[in-house]
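Residues or ranges marked as coiled coil in TrEMBL: 69-96. Per TrEMBL, compositional bias 'Polar residues' is recorded for 1-10, 22-31. Look at TrEMBL and you will find 246-264 tagged as compositional bias 'Acidic residues'. What TrEMBL lists as region 'Disordered' is 1-50, 237-268. Here TrEMBL flags 152-194, 195-226, 278-319, 320-361, 364-404 as repeat 'WD'.
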Amino acid sequence: MPTESGSCATARQAKQKRKSHSLSIRRTNSSEQERSGLQREMLEGQDSKLPSSVRNTLLELFGQIEREFENLYIENLELRREIDTLNERLAAEGQTIDGAELSKGQLKTKASHSTSQLSQKLKTTYKASTSKIVSSFKTTTSRAICQLVKEYIGHRDGIWDVSVTKTQPLVLGTASADHTALLWSIETGKCLVKYGGHAGSVNSIKFHPTEQVALTASGDQTAHIWRYMVQLPTPQPTADCNQMSGEDEVEFSDKDEPEGDGDGSSDCPTIRAPLTFLKSHQGVVIAADWLVGGKQAVTASWDRTANLYDVETSELVHSLTGHDQELTHCCTHPTQRLVVTSSRDTTFRLWDFRDPSIHSVNVFQGHTDTVTSAVFTVGDNVVSGSDDRTVKVWDLKNMRSPIATIRTDSAVNRINVCVGQRIIALPHDNRQVRLFDMSGVRLARLPRSNRQGHRRMVCCSAWSEDHPICNLFTCGFDRQAIGWNINIPALLQEK
């Protein structure tokens with residue numbers, strides 16, 4: 001009988017606690033509207049330079065944080081009561097079952113074990129309840145710093161490469177698997193010129209440093225040099241495509257495609273004959289670039305070689321051999337006669353042509369899978385990206401190990417470095433684009449939602465430090481290129 005009466009008393013106490021807990025939560029919910037209204041009035045009464053939409057968002061986020069911590073505080077009180085009750089039960093059961101008092105050390109050990117379990121439960125609950133708030137806050141901040149400005153739709157197949165002219169007028173170039181390269185007005189998104197001289201997929205496009213001339217590489221085993229003349233249309237005011245509806249970011253299936261008929265290039269002038277053919281490869285030409293000065297060009301091919309050409313005569317100057325598997329990319333230094341080639345053999349090589357009599361080569365080993373691209377910075381650094389889901393920053397004076405390593409959750413495609421600000425743009429197979437600094441610190445992720453962003457693999461990124469609005473461009477296998485405005489001062493301040 002004493003045992004039964006004790007159980008009934010314990011049950012009544014637990015029921016009263018649950019009732020008290022539910023009443024506390026109801027009181028909390030009933031006062032939320034009053035608090036939020038008071039906070040909103042206080043916020044509106046303060047002078048602030050923040051837009052009202054940003055202030056309202058911050059207010060809602062901080063309200064969520066307050067509610068979460070209040071609920072956690074109530075749960076913490078309940079857990080502490082349960083700890084005290086458990087300790088009392090352990091002491092009572094020890095006297096009844098063992099027939100003797102348990103030592104203080106034994107009771108302390110059992111109570112400590114139970115307390116540690118409940119403490120771990122409390123920590124887990126805290127992390128789970130606050131992670132969503134923190135993630136929401138980071139997403140909102142990223143959207144404010146990285147904004148979509150323009151979409152360029154007109155190709156009939158995936159876009160492998162994107163590039164921006166180095167001279168005025170500034171235009172955007174895209175290279176596509178539909179056998180064409182297109183030039184676009186950055187402001188209006190209108191196609192200005194189509195190049196249709198290739199008989200295979202156009203895998204890369206690069207612009208001459210001083211002239212209106214483009215260099216394209218193709219699956220037809222050639223590279224073409226062709227001249228273009230463009231007249232920019234008058235920019236028209238466009239609707240703000242950065243206003244988000246507030247929904248969480250969603251995933252797209254690979255079957256989703258951008259809106260439009262995919263025929264935006266049908267009414268633009270077409271160039272069909274190049275100025276020069278560069279043809280010495282026995283396989284797909286996957287990339288090409290201009291050496292400093294624009295008098296020579298380098299190509300990279302699936303035949304495991306890179307070729308250096310004289311642009312004026314189209315003659316082969318050097319054949320760069322040494323890679324064990326297909327090449328994936330090539331890049332030239334902006335101010336020196338240096339070339340870097342990357343390969344599926346997990347390495348990239350640095351070729352030095354500064355001394356006409358000596359052509360040295362250095363091999364960089366550090367990746368465990370295909371090196372998809374390697375690019376120069378202004379200083380003595382090279383940045384490499386790989387299918388092993390890492391990006392490494394190297395010092396040309398010390399090739400033994402990278403000075404920084406960025407680990408990601410997806411294969412990295414053709415990266416690009418903002419030279420002036422030393423920011424790396426990483427396009428991924430999983431349709432994300434992330435921004436990092438040269439020390440490996442993550443700065444931002446470009447927003448993806450049901451209204452903007454790439455719907456399939458992002459193949460390439462390109463910075464433009466000369467355009468006042470769009471300073472980053474990306475392209476993907478969803479047949480579109482996108483122009484972004486990255487608020488770099490705010491981005492670096494967030495770091």
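Glycine is no exception: its Cβ is also placed from the backbone N, Cα and C atoms.
Residues 200-212, 214, 216-218, 228-233, 235-236, 258-260, 262-265, 267-271, 287, 414, 456-457, 459-464, 466-467, 469-470, 473-483 of the same chain sit 6 or more residues outside the repeat 'WD' (152-194) yet have a Cβ under 8 Å from a Cβ within it. Sequence-remote contacts of a segment are chain residues at least 6 beyond its ends whose Cβ falls under 8 Å from one of its Cβ atoms, and for the repeat 'WD' (278-319) they are 161, 200, 203-204, 206-211, 213, 215-225, 325-337, 339, 341-343, 351, 353, 359. Mean pLDDT for the repeat 'WD' (195-226) in the predicted structure: 98. Across the repeat 'WD' (152-194), DSSP helix (H, G, I), strand (E, B) and coil residues number 0 helix, 23 strand, 20 coil.
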